[in-house]
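Pulled from TrEMBL:
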type   : residues : note
REPEAT : 164-198  : repeat 'PPR'
REPEAT : 266-300  : repeat 'PPR'
REPEAT : 368-402  : repeat 'PPR'
REPEAT : 470-504  : repeat 'PPR'
REPEAT : 572-606  : repeat 'PPR'
REPEAT : 674-708  : repeat 'PPR'
REPEAT : 775-809  : repeat 'PPR'
REPEAT : 876-910  : repeat 'PPR'
Amino acid sequence: MHPAKLHIQLQHRYALRLYAFFGNSVCGIQVFHRNSYSSTSMENKNIQNSYKPSKLTGSLKRSSWNLLIKDYIRQGALNKAFMLYERMYEDHFLYPNAHIFVLLLNACVRLDDYEKALKLNTAVVSLGMIEMDTYVASSVVNMYICFGWIVEAQCLFDKLSFPGVVLWTSLITGWVKHGNSEEALRCFEKMQLAGTSPDVVTFISGLKACSLTQRIEKGMEMHAEIERKDLLGKSLSLDNALVHMYARYGLITTAQEVFELLPCRDVASWTLLISGYADAGHGEEALEIYDLMQSSCILPNAVTYTCTLKACSVAKKPCKGQELHSNVEAKNLLAGNILMGNALVDMYAKCGLFVEAEHLFNKLITRDVSSWNVMIGGYVEHGHGKEALLCFKHMQLSGLYPNDMTFLLSLKACTMVKTIDTCLEIHAEIARRGLVERGMDISCALVDMYAQCSSMDRAQEVFDKIVVKDVSIWNVLISGYNEIRNGEKAINCFEKMQTLGVLPDSASVVYCVKAYFNIGAMCKIDEMLADIGSSGLKIIDFIIGTTFVDIYSKLGLLQKAQHVFDKLQKRSVISWNSLIAGYTDHEQGEKALECLEQMKLEGVSPNAVTFIHCIKACGIIKNIDKGIEIHAEVLRIDLMKNDLHIGTTLIDMYTKCGDFDMAVEVFEGLRFKDVIPWNALIGGYVECGFGEQAIVTFESMQIAGIAPDIVTYVCALKACGITGAIDKGREIHIEVFRKGLQKKDRIGNATVDMYVKCGMLSAAQEVFDNISSHSIVSWNTLLAGYVDIGLSEQALKYFTQMQEEGVHPNHVSFVYLLKACGGIGAIAKGRELHAEIERHGLLQQDLVGTAVVDMYGKCSLLALAQEVFDKLSCRSTVSWNLLIANYAEQGESSYVLEGFRKMREEGFEPDCVTFVVVLGVCGQMGLYGKGKTYFASMVEDYGIPPTLEHITCMINLFGQIGDIDKLVIAAKNFPFSPDLALCRTLLVASMKVGNVELGMSVFQQALHLNGSDPTAYVLMSYICAATAALGHEDGG
């Protein structure tokens, strides 16, 4: 280089450095210009003639500008750099070189300046630099991506000949960033086909795209490639991206496996795993991971606390949440962190601690829409619809605009309060904002809201206005019609949906099955099951299969339910619960408990619903030992604290098993007692016939300030019927009338029943006549009342009146009508009812079939009774008991013992009633050996404790065989206070063996029980006469 030229350039550089140092000062500008002019002058004097002064001067000026712009960018003075760039062109018509353009393009991105980016883009394109320089092209692509011009970036990218891995990665990251992860994955595949190997950053973006699109197969392919390239464990960001992908997809076990393989874990790694467990609904496991993280000396950050608080919300662990709250406060992480504040409010609200949630919410310095949403969501989750809507109103008054989530939660709250005016108000607000057209979620929620409020006309109106209807919105409409028991309309919608080309999904099939159930179209349900089976689907889709189990269980078709259940490939706690509920609801407690054991063996953990049904099963079969075992398990896993229903069910179980001490202990131990546990206790007393105690408890409940509901009044009226407490019954009737509840069917029916049982038939008739509409339940109550007090003829007359009013009998009606026929020997009417039962296909319902058998038995038509019994597909211990009891009543003792043998052979366990019948027959026949064996078997093999009736049978047997020693021993060691029936049995036995001393002792007890009992006097006179006759014979 010419010495003069070198000297000039060095002067220029020195001047530029001074300018950069002085910035915009006048001194700096003067130095810059002075050196520029002097440089030009020297250049003209000293440079050889081969250089044109103007060209050389221009070259030097561009170099100077480039250097100055570069220095400003390096110092971070990006706006000054752009000012110089603009002056460079405006004053001197010069452009920087490619390198400076790259720096300026990157500076645009850093400034996030849209206008500067457009100007630079225009210059670069007009100068043709994109085609000439790969770095410029890459920078332009990167700038396009950063400003969201992703389509333009792709177009420019496609023109490049050999884009490198960096540019491929920028494009893939851009597609992910701007919400098109599918396109990102297509780019990833194209890059590989083009022979460019992805690097760590490419894999990170690719894994993020897989997690966003739920393309787990592609994610697994990337994982395999990462391992082949030995990249796992080399980059913590890549390792965390893998954990995040698996956790987001819900493969939380795989996420944990990857996590455990990592050689190094930072707070992000732990937080991603905690977040994955919480998002998957595994709050307990998430909290365990958090504790493990702390034991590994990794300090949580704000994001960790936010995710762990969500885990507390999911697991309903307020104590742990409060501990985390204290840590957050101690580390001053709450101040200014709105996400943290929202997470804390959400935790308290989801755990039902609304006082704490509201207190914290009110303390938040800034509240965004999410803050309000978590409060509204908490109220909705706990069923507090009114509070949720009030919160929604306060949010609007605060000046914040609700978002889609706010409206979805508010619509859900409307379904709880069912106030149509509020529904219309929120609907109008949604319509004003144009949200109905924007997304299907809002439309579905609107249709569902109106459906839940039984306003199907409005639901249909919203539905009809939706232009594009997918299967989800059809499902909401079909479900709505099911809710109002309009099965025909639901089925019409299901069929119309298919004619319009919308394919049903699992939920659609479920709703259709429920619609057929609602209209009683059993054959259609069977057809649907057959169609699903023939379509090649392995039984069955889990949701559909569980629905069939549930429907068949509800119908009492438990063999079909079990058959479908056995074919399910996946059995969750929900499907087990459906089957267990079916067995429980149809009085097959043993089967329900067998299911519980099998469920545990298969590794499925029972939940609160499972325990509730199994506790009910214990009550049904009076298995108090199993009930105590389940009670202990419930206490061990701390379920009663958050589930009042379990406590109520335990009270019910203990009362059914006769252990009222334990029932009261559970009741007293409940932290919160609303009307439901009170009802369980009162109902338990009523069911066991302790009417007086039920009335006392009812009065205690009112003293405690708990307002009775319909169930309470029904139980209290039943208690009055049991005890004949007509005055209390009238008092309750007046209270019910004062509260305007007398027109409620259940109240009216219970009042009718109470008056019938108290013998006040005219009052019963008056109440019945005043019931607004005589449903089948009302008629059944009247029929049952008259049958129970022995007025069977009147019951049959009411049946005729019921038919004249157009009310058709159901299975309950038939049971009482058959009992009436059996009571008065109305064989012709009984046959007529039997024929109608056959026509309606009701014979196989356990109670109805059993009632037909009992009716024929009571009418002494034992052959017909046996014939019907043999046809029953679902026999039970109860039906066997009735059959053998009828044989016993007709004196067919051998048939009783034969029936008892067959019953056990068929796997039916005898109960206490069975043994009363069998021991009674042994007494009649004088079968001491068999009687003794059966009595021992009852206690030792079946664990049935002897009752008053069993002891009475054995005493009768001792009397029949004349065994005075055993009779005396039995009488003296009797474990119960004898009743009048037992005293009479002992008197008969004393008469047969001629034991005056025993007879006199028993006679005194009989007089104590009822001083005017004529039977006791007659029997005692017989004993004295028999003894006198014996003495006379001995003397003669």
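Backbone N, Cα and C atoms are what each Cβ position is placed from, and that goes for glycine too.
Heads up, TrEMBL stuff is auto-annotated, nobody curated it.
Note that this is a predicted model, so its numbers are computed, not measured.
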For the repeat 'PPR' (674-708), provide the mean pLDDT of the predicted model. 92
Can you work out which residues elsewhere in the same chain, 6+ from the ends of the repeat 'PPR' (572-606), have a Cβ less than 8 Å from its Cβ atoms? 542, 545-546, 549-550, 552-554, 556, 558, 561-562, 565, 613-614, 616-621, 623, 626, 846, 876, 909
With DSSP helix as H/G/I and strand as E/B, how many residues of the repeat 'PPR' (368-402) fall in helix, strand and coil? 26 helix, 0 strand, 9 coil
What counts of helix, strand and coil residues does DSSP assign across the repeat 'PPR' (572-606)? 26 helix, 0 strand, 9 coil
Secondary structure tally of the repeat 'PPR' (876-910) (DSSP, helix then strand then coil): 26 helix, 0 strand, 9 coil
